[in-house]
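Taken from TrEMBL as is:
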{"type": "TRANSMEM", "residues": "12-32", "note": "transmembrane segment"}
{"type": "DOMAIN", "residues": "97-299", "note": "domain 'ABC transmembrane type-1'"}
{"type": "TRANSMEM", "residues": "101-124", "note": "transmembrane segment"}
{"type": "TRANSMEM", "residues": "136-164", "note": "transmembrane segment"}
{"type": "TRANSMEM", "residues": "176-196", "note": "transmembrane segment"}
{"type": "TRANSMEM", "residues": "234-260", "note": "transmembrane segment"}
{"type": "TRANSMEM", "residues": "280-306", "note": "transmembrane segment"}
Amino acid sequence: MDLLRFVLARLLRAIPVLLGVVVCVFLTIHLVPGDPVRIMMHGRISDEDVAAIYQQLGMDRPLIVQFFDFLRNAIVGDLGTSLIQKASVTTLVLEKLWPTLLLLSLSAVFSTLIAIPLSLLAAYHRDRWPDHAVRLGSIVGFAMPPYWIGLLLVLFFGIALNWFPIAGMGEGPVDNLYHMAMPALTISLFLGPVLIQSLRASMLDALTSEYVEVAMAKGLSDWQILTRHVLRNALIPVITVLAVNMSWLLSSAVVVEYVFGLPGLGSLLVRAVGYRDYPLIQGVSLIFAVIVIVINLLADLSYTLVDRRILKGKP
């Protein structure tokens with residue numbers, strides 16, 4: 001019962017956030033310069049034909065009317081029709097959703113696999129050369145933009161060594177993972193340093209706790225204390241970092257998908273923005289917002305698995 005109440009409370013909090021995102025996206029794309037009809041027709045169209053198409057699409061109505069029509073239809077799963085592709089936005093988004101989710105999932109896994117051992121190494125050798133090396137490496141990784149990391153990986157592993165494919169998706173689950181390795185590594189080499197800094201700081205803070213002193217009194221070694229006790233309690237800040245950076249992960253996915261030619265939501269959004277495809281931009285942005293909200297909800301639930309006191313509201 002506590003878990004159900006916890007989930008419902010988080011979902012209720014998400015409603016105004018989602019509504020605010022829809023309003024901001026709707027107003028922003030309608031304020032951006034550029035006529036979608038003229039862009040779609042490459043400028044070879046008369047003013048009369050433009051007005052007729054606007055009327056046919058309902059784009060000549062007041063913005064407030066267009067917004068509530070979009071909101072009403074979105075509630076029942078109808079995100080409109082793409083101006084350029086002449087297809088259902090809902091269908092297009094669902095077709096492109098799984099490559100993006102796969103990219104985000106692999107990026108989170110790779111980042112965690114990079115961060116945990118390096119953070120343990122840095123915390124165990126605090127203020128010694130392994131610690132300094134890990135911290136310096138994380139600073140360098142954080143300073144490099146994802147698109148630049150992606151281009152370097154393509155040049156080295158894709159072209160020079162020919163170890164990985166440089167674009168597109170594969171055929172079948174294993175081949176898809178193989179094609180997704182470099183894009184996911186691109187994002188994780190940027191996100192990993194953020195997790196390393198957070199996890200290292202959490203571990204060093206946990207080392208001053210009373211339960212660590214008890215473990216030391218029992219004769220456990222520093223490494224046993226780190227791996228058995230400190231790491232578990234230090235995972236909550238890592239979950240927080242992953243959840244907070246989810247919007248950044250999505251924006252990075254847009255760039256990385258474009259660099260590697262992945263058929264995901266990021267590539268779909270880039271094309272939609274280029275053609276001022278209002279319904280498609282709104283649909284993809286709405287799905288991005290839903291992904292962020294769901295990931296944050298899952299993060300909140302994972303807190304309760306790490307520390308049951310959170311579920312009961314205890315300190």
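Using the three backbone atoms N, Cα and C, a Cβ is placed for every residue, glycine included.
Residues of the same chain lying 6 or more positions beyond the ends of the transmembrane segment (176-196) and with a Cβ under 8 Å from any Cβ of it are 99, 102-103, 106-112, 114-115, 118-119, 122, 134-135, 137-142, 144-146, 149-150, 153-154, 157-158, 164-166, 168-170, 238, 241-242, 245, 249, 252-253, 256-257, 259-260, 262. Beyond the transmembrane segment (136-164), the same-chain residues lying 6 or more positions past its ends with a Cβ under 8 Å from any Cβ of the stretch are 118, 178-179, 181-183, 185-187, 189-190, 192-194, 196-197, 252, 255-256, 259-260.
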